[in-house]
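Here's the structure we're looking at; comments come further down.
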Amino acid sequence: MSKPTREEAKEAVRTLLKFIGEDPSREGLLQTPDRVINSYVEIFSGYGKDVAEILNTKFYETCNFRDFILLNIKFTSFCEHHILPFNGTVDIAYVPDNCIVGISKLARIVNIFARRLQIQEKMTVQIAESVQENLKPLGVAVKISAVHSCMSMRGVMQDNSVMNTMHYTGIFAEQQKYRHEFLNLTAKR
């Protein structure tokens, strides 16, 4: 599949404006196609980014503790089914084997996956598996809690529903005590 030109993308926005009954040539909408394309370039900037590059800088001398937990990483993504936003928080824990990364690296991983068309379940797995693959810890736990606009703005119109997804690898998948500790910590916020 070849990538459309910027002009083709702008024409697609004009077509959508016509589809909803708007006039793309009216004053307030003249610059809308450009603005939408510029927004999409930023919003969907996670494509083509390499998680391995982000996790390339590791610290080996500081791995004398048991758990590493980063809570409440905020994100906004877009559901691949309706291209509507969903936003929430990500909690990540891992038990280092021989290395750690700076905490900003975990937030960057979340941003890479959030800045793509997504479903929450897949994003949860992608984050956990990327940490597992690149850091090779004893285990990883990821929990995402999010509110989905596709449920609040259309369809069932449920604006207070929060979806929680979790994915575990290694000792978090194998040992209930690790999962329990992680879930207790994430529930205390």
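Easy rule for this one: first residue shown is 1, then count along the chain.
Note that Cβ sites are derived from N, Cα and C of the backbone, with glycine treated the same way.
If you look up Swiss-Prot, you'll see Cys79, His82, Cys150 marked as Zn(2+) binding site, on the strength of sequence analysis. Contacts of His82 (Zn(2+) binding site) defined by a Cβ separation under 8 A and a same-chain sequence distance of 6+ are given as Ser149, Cys150, Arg154, in order along the sequence.
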State the three-class DSSP label for Cys79 (Zn(2+) binding site), counting H, G and I as helix, E and B as strand, and everything else as coil.
strand
Identify all same-chain residues not among Cys79, His82, Cys150 whose C-beta atom falls within 8 angstroms of the centroid of the Zn(2+) site's C-beta atoms; report them in sequence order.
Phe78, Glu80, His81, Ile83, Leu84, Phe86, His148, Ser149, Met151, Arg154
Same-chain residues at least 6 apart in sequence whose Cβ lies under 8 Å from Cys79 (Zn(2+) binding site):
Pro85, Phe86, Leu117, Gln118, Ile119, His148, Ser149, Cys150
Under a three-state reading of DSSP, tell me whether Cys150 (Zn(2+) binding site) is helix, strand or coil.
helix
